[in-house]
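S.K.: Structure provided below as structure tokens; questions to follow.
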Amino acid sequence: MNFALTDADRADILATADLLADMARDVILPHFRSRELGADNKDAAGFDPVTEADRAAEQAMRDILATRRPADAILGEEFGPQPGESGLTWVLDPIDGTRGFLCGTPTWGVLIALSTADRVLYGVIDQPFTGERFRGGMGQAEVTGPQGSYPLAARATTDLARARLMTTFPEVGTPSQRAAFDRVAARVELTRFGMDCYAYALLACGQIDLVIEAGLNAYDIQAPIAVIEAAGGIVTDWSGGPALQGGTALAAATPELHRAALVLLKG
């Protein structure tokens, strides 16, 4: 479905996204590195933490949307889907990287996306502690923060042997997915782990070249898709198809790197 958004629509969407990110910052930061911060485990078979900050931030963002954009649907990590009538959905992850949040590392972030059924229109990756905000889509491709504002632009690396690769979990996913990841990692210049959504932001601002992930949900990847594509990068699943609904994700700075990594992931 094609949406004929007016200039007023775009302005309202951009302003709303910033309001959501601002509110999430205000709610989350008092909890970060607090010695009283606790977490509940959502995964009986493992450890998938959720904190008071996650829930409070998502609820605060939902409250803003109820006032400003009541016809839009919402999909959030903590409170699930809420139907809408406009054909637009706000996709929210209040703290992507809750494990890092619990450990005090500033690799987590607030993810905000606006999407249709088949594409992401706009995305924000916000890191409240560092004060950085990465915006992509609808004519936006910029980062703002302590170093000022500047355009997003992915690196121009084309040789896999010169590429910098990041992911979150060393095990990546299933054993076969780990083996596929290792085939790529063996060919790149360096690999770093434990980066959560901040890895996608670093790709978009020209610091790294590849992010490879598995086990994702839609709210983990939709904002990064918008930001990276606005920076000139590419995001697909490991088969080269859309990554919109999660699962696996391969983000690359250039088509050449994307093709080379995709061949190795496919085995």
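Yeah, the Cβs are placed from backbone N, Cα and C, and that goes for glycine too.
Note that TrEMBL annotation is computational and uncurated.
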S.K.: According to TrEMBL, Ile95, Asp96 bind Mg(2+) 1; which of Glu77, Glu132 is also listed for that site?
M.R.: Glu77
S.K.: Take the C-alpha atoms of Ile95 (Mg(2+) 1 binding site) and Asp220 (Mg(2+) 2 binding site) and report the distance between them in angstrom, rounded.
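M.R.: Checking the Cα atoms of Ile95 (Mg(2+) 1 binding site) and Asp220 (Mg(2+) 2 binding site) gives a distance of 10 Å.
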